[in-house]
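Engineer: Pasting in a structure now, in structure tokens, and then I'll have a few things to ask.
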Amino acid sequence: MAEAPRSWRGCMPAREDEGTQGNPQRAAREGSLGLMQPAGLQLHQDLDPQLDEMRGARMAARAEMEEQFLNLAIRKQVSYRLHLPHKGVLPFLQGSQPSRWGSRRIKHRPAVYKKAIAKSGLQHMVAQPNPTLALRSESERQIRSTVDWSETAIYGEHIWFETSGSGDFCYVGEQNCVAKMLQKPLTRRKCAACKIVVHTPCIEQLEKINFRCKPSFRESGSRNVREPIVVRHHWVHRRRQEGKCRQCGKGFQQKFAFHSKEIVAISCSWCKQAYHSKVSCFMLQCIEEPCSLGAHAAVVVPPTWILRVRRPQNPLKSSKKKKRTSFKRKSSKKGAEEGRWKPFVIKPTPAPLMKPLLVFVNPKSGGNQGAKIIQSFMWYLNPRQVFDLNQGGPKEALEMYRKVHNLRILACGGDGTVGWILSILDQLRLNPPPPVAILPLGTGNDLARTLNWGGGYTDEPLSKILSHVEEGNIVQLDRWNLQVEPNSEVNPEEKDETATDKLPLDVFNNYFSLGFDARVTLEFHESREANPEKFNSRFRNKMFYAGTAFSDFLTGSSKDLAKHVKVVCDGTDLTPKIQDLKPQCLVFLNIPRYCAGTMPWGNPGEHHDFEPQRHDDGCIEVIGFTMTSLAALQVGGHGERLHQCREVMLTTTKAIPMQVDGEPCKLAASSIHISLRNQANMVQKTKRRNSMPLLNDQQPVPERLRIQVNRISMHDYEALHYDKEKLKEASVPLGIIVVPGDSDLEVCRTHIERLQEDFLPCPSLQCLLLQEGDGARLKTLSSQKLSLRWCFLDSTTADRFYRIDRAQEHLNYVTEISQDDLFVLDPELVITQTVGTSPAMPDLVDTSSTPAGHHFAFPSSSSSPPSSPALSSEAGGCPCREDNPLIAAAKSNDFQKFREVHQAGGDLMMRDSSGQTVLHHAVKSGSKEIVKYVIENAPAEILDATEEENGETSLHQAAALRQRTICHYIVEAGASLMKTDLQGDTPKHRAEKANDPDLAAYLENRQHYQMIQREDQETAV
């Protein structure tokens, strides 16, 4: 390090105290490198051959320098600076204002150059890491997995999460990697903000080479106050990169990227721009140019807005005089919780087109979805605009951002999370209150459904969700007060000691109800609080919920509800009408959705007494439910419409279970006044027509579209969804639909279902020859209708296919989610080994030249005509010989052999000559393992498949054999409990005939549950 490297010395600017005049060789050298020449100096014109040779050598040296620059300076750079570089620092080693290299000069002295390298963070190149020291310091070093809001927060600190990314190489490189030196596997961590992966002990090595994360804030008190504050790129080397190079437009080499150690790209963690890691693509001026913050710049909070303010240091004299007073004032006025946010302030720059976003995530919602979503949003946004609600709630964040203009909020969680945020906005009295968008997690989510956000998050890209939040319309949501006072007319001696005097919430956004539904919810919550260890699985929760509902139905504990309530709406007494109806449940509904997506108000178009329901009209709907209307609600029915009003006075004469937006309690006899509180601003998801993949942007929308519809199995979707071409090849053609050019997906769904109705099932037609240009390809032809759970796939994104929530189909145009063909996902489509073409169709396809592969097949349903023996084969659920190895293994209770035969290509939908499936035979042999295996791997149709002799399903046979565990497996898999055999018996009747009253009671319980509950098909993935 005594002198600068040869490849860098040629680019060093001239000393300020010496020029190039009289030094023609130096002038020629600097001119060949394209450096800016000092004013008034001339280049030497009489160049001899030696100078020409020197120029060529210097040009080669420049190329070598640029390669070293890419391999060293970028990879080890300290992230961008928000102020001018200090004097003496090489401009290409740190972000600065745009300029040419020659416009800044430093003394061309070895000591100064060495100092510049030290400042730039390149001094690590002379030191080798000590793996023992790294392992020892791992326990001493704090590895942060959350954003640090304290005054000691580190500038450019990474946010680490554990990862199992075995295909990602350690970012510090093999020379500095501790795991490489120790030759043993170590735990890995991934930064949520810049997505680099390192071994946990290598984090210290990352600090030594001074590679920091993208900064999320800036320091206050810059020396140059007039300097325009801009955001610089944060360049990171990538061994794998999606998309195309911004410079040359070519894709990044991905063929062997999983095991490649070569750096193929340089990308910015802010704007996501990527370049090939070579001089011809990544230009040096990219280092100093401002960053645009990418496609979501309008919602990203720039780090220049977030300032860290150092604690003020008072002079010694004043501190002595005011020390005690200052301490008292702080302790009396400032809460302890405000200390966390004090070091940071938000100073936004006026930007009328920006819509800065605050993201609040409830990690408890939707299983493990919340934690993953936090990491994803930290990648797309500034980590300091993403908040974990488990870390203190939303209040302090909203207080800090309260002065930001056009602020929007994204609540990631259930309806309770949204209500929590709205209540905090009420407390802070922000004017105007920021609108709230919803990313629904888990199930239910009635408010999210109302605002078109769907019933649950599937796998839509978060980038699209951010676009929807930015472009969504602002609508109003009525919010209602609940004022409770004890009923003074009730004898105090009759008071129920288990009842409470107040509701869990005094404001509701969705609904307020009392009676049957509240009682079931209350018993579930009380039991879970008493024994939380018994409610650690979704299955147990469902079982208890169904049992509680059924017992409450049998005991009729809510049937006398009408005798103990008095309801007055806008001065109209509804009590006589309620007593005539005798409802078991009363609901005061603010939004159209209730109970995981049902619509209890319905469409009162034919009734002139009522208006359609709205969430912003200042009116509340009063609905009564009998047990019959509750059951009909699950199949599209509605309750008894009682009134639409602006004020309600509800009086109860005894303790009655009630619930407010899903929070239950048992309220003592009270008088409850319901009145309009205010209107909250919400973001409603709207239709987008920003892209027309099928059409040229300059052309009008055609009147008709002719689209090929293809079906994809869940197996292929999960295995190939990152390989779009292979997924297209694995798809099964369904047919062609013709729809209007401006059709949304709801219209397309209608046409696809009509296409299925017109299609005659023919199990023998297994293949279809599709002509493509001059060639032909063999495709499997679907021979069955789509299952009830199919959904559309978005095939227009660059990297993969994405599912579209059925509740959001009316928001998507068909031209926005398809380019050539329209793809749908059928979760009940299974892969079976192709056996061959049918003997009855010998000339349809020449399979001798077709390589053996996997084709799709479907089981035959009861609605399909039976196949003739001449057309029988082992595929598609057709009859087969009795000595088939799958059926033989099921009969003999040989689970190992059964699994081997299936993995070798055996069809689980196979039937014997009497129409019995392998599930029937597994039930008869009492093989729990085979039953469970079949349920997990076969299509859902097998659960209700009937044999020909008695019309029995496998559940009928299990109930007749008193096999409780097997019955439990089949019921929880979704088998119908209302299906009857040829004698009219349900599975419950078969259990009664087998003298098993406990099993019969269980089946009756589940049968009733199926009648009044509908499985939510939009459960989050």
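Placed from the backbone N, Cα and C atoms, the Cβ positions cover glycine too.
Keep in mind that TrEMBL annotations are predicted by a computer and have not been checked by a curator.
Okay, so TrEMBL annotates it like this:
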- 318-333: compositional bias 'Basic residues' (COMPBIAS)
- 859-873: compositional bias 'Low complexity' (COMPBIAS)
- 352-486: domain 'DAGKc' (DOMAIN)
- 1-28: region 'Disordered' (REGION)
- 312-341: region 'Disordered' (REGION)
- 840-877: region 'Disordered' (REGION)
- 914-937: repeat 'ANK' (REPEAT)
- 950-982: repeat 'ANK' (REPEAT)
Engineer: Quick test of the contact rule: Cβ under 8 Å, at least six residues beyond the ends. What residues does that give for the repeat 'ANK' (914-937)?
Structural biologist: 830, 877, 879, 886-887, 889-893, 895, 898-899, 902, 908, 943, 945-949, 952, 954, 957-958, 961, 963, 965-966, 969-970, 973
Engineer: Averaging the per-residue pLDDT over the repeat 'ANK' (950-982), what integer do you get?
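Structural biologist: The answer is 89, the mean pLDDT of the model over that range.
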Engineer: In the repeat 'ANK' (914-937), how many residues does DSSP call helix, how many strand, and how many coil?
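Structural biologist: With helix first, then strand, then coil, the repeat 'ANK' (914-937) has 18 helix, 1 strand, 5 coil.
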Engineer: Counting each residue once, how many in the domain 'DAGKc' (352-486) are helix, strand and coil under DSSP?
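Structural biologist: Across the domain 'DAGKc' (352-486), DSSP assigns the residues as follows: 53 helix, 33 strand, 49 coil.
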Engineer: Within the repeat 'ANK' (950-982), count helix residues (DSSP H, G, I), strand residues (E, B) and coil residues, in that order.
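Structural biologist: Its residues fall into 16 helix, 0 strand, 17 coil.
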